[in-house]
């Protein structure tokens, strides 16, 4: 599991990490590894308020870094790539005729037969590409070795970058680095960043899935995920609360905050769900931290086959987004969380891309996180004034239905126009007529009638409006 709390530990804090680590950081020398180069322990990797103690990363051999290749020719059975042995690349199904995805796991995690393997299979299902899972599980450690793991990402990223360089040198010198899309979760986001820093002019894209906060927040650009690391850098933030372990601040060209970025639907509430007992507190905190932190992976995975359900809107704040102030998508466009964003790679424009922040809402259940936002406007006519509720049932051509409250236990007047923003778990394509219903309470008035004179439904992606009737 890629969490920041071990099976035995309390919530992680930087102070705790430093206490565990300080005894080891007495005298640290620069380490050099073959073609990967040297890794000095000094500034900016130490000697700062965020990283006071120096440390050296482990070697590729100590971490047993493995690169597992899946392609349309071998979606189930991975092949191993070794950048030190070019023939190991030539003798696989790796092809420079298609783009390449590289996926990096985080702390206390692994790539083989894990979510990394599953994500590669899903990507290959929708796209003809090479997909490489970067396994550094022996260097990914746990809570007690977190700082060592954080330093190890430098070598992990360098190892992956060396593979890219070897492909250019030994396989196909015309294979453009823009063909690479790097995806990393937690510490893996910073490992992907390290790869991007070493490839020039740039790799095509990096997607950071809730990039790790401890030991990376407020560090120089050389240390953490940064917009300069790829032609396009997208960061997805899902665990940014005080107890969370993901970076809250924008760190990419496109920073996406599902559900505001701190508490994901379906995860325990940090206030309501924390029990009074110490064991219960530890267990709940472990689940709370892990749940929000892992959601970035789940959202990314589901978006591969269902990208239209993860449309994110540029907005100045989550509160403004919830109020509908940023709906529909502006002329500058929205962004899709996850895999399906189409981006043209132009490394010379890297510094000129407008950095923007996006928001969206998701569902609560695994495999049903996709959610579509609509603006619903209803003009109603009521014959008598009374307390009551009004509902609209929407039907799609695919047979899906949802009932949305327009007014709940409110005063129903003679006529009114009401606008609400709804999120539903299916896309309304070829919308069939909507159904209006109402109920009055607590007193029934004989002869009272209510109806909808007009219903309009606006979709977010292009602002198109459907009218009924």
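Placement of Cβ uses the backbone N, Cα and C atoms for every residue, glycine included.
Over in TrEMBL, the protein carries these features:
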ACT_SITE  186  active site, nucleophile
ACT_SITE  210  active site, charge relay system
ACT_SITE  293  active site, charge relay system
BINDING   226, 229  Ca(2+) binding site
DOMAIN    32-363  domain 'Lipase'
SIGNAL    1-25  signal peptide
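The Cβ of 226 has fewer other Cβ atoms within 10 Å than any other of the binding-site residues 226, 229. Across all of the domain 'Lipase' (32-363), the predicted model scores a mean pLDDT of 92.
The Cβ of residue 210 (active site, charge relay system) lies under 8 Å from the Cβ of 185, 186, 189, 236, 237, 238, 239, 245, 246, 247, 292, 293, 295, 296, each of these being in the same chain and 6 or more residues away along the sequence. Burial estimate for the active-site residues (186, 293): highest at 186, by number of other CB atoms within 10 Å.
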